[in-house]
Amino acid sequence: MSRAGESLYRVLGLEKGASSEEIKKAYRKLALKYHPDKNPENPEAVEKFKEINNANATLNDENKRQIYDEYGSMGLYVAEQFGEESVKYYFLMSKWWFKVSACCLLGLFCAPVGLPRRHHGPLSSTGCSSHVA
């Protein structure tokens, strides 16, 4: 994403799903227009040029483009921090149903915040709690 939250496709003036050829063509056109050498007195042009380069670098890399198309800029961040193979697992594990399933599979008591947990007393040598009425 650009600083303003604009999509990488929009930075290049394209729609999602643009072909590699369309991306290259848009990049060349915008890079010439905003190149710092052609705009030495315009600091905004330098920032725009950086955004254009970033968008081009991501969208011309098939793996990065696939991650971006599926998961957005957060997917790119996760890939950068933990590797591209970690992205789908990160998003899988962030789903609420995964957290509930993992909690239940691990046998943890998942009480909502503020509710007291039941206490049945200490475990005996058999592993069962002593339940006194």
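Here the Cβ of each residue, glycine as well, is placed from N, Cα and C on the backbone.
The feature domain 'J' is assigned by TrEMBL to 7-72. The transmembrane segment annotation in TrEMBL covers 96-115.
When DSSP labels each residue, the domain 'J' (7-72) comes out as 47 helix, 0 strand, 19 coil, counted as helix, strand and coil in that order. Averaged across the domain 'J' (7-72), the predicted model reaches a pLDDT of 94.
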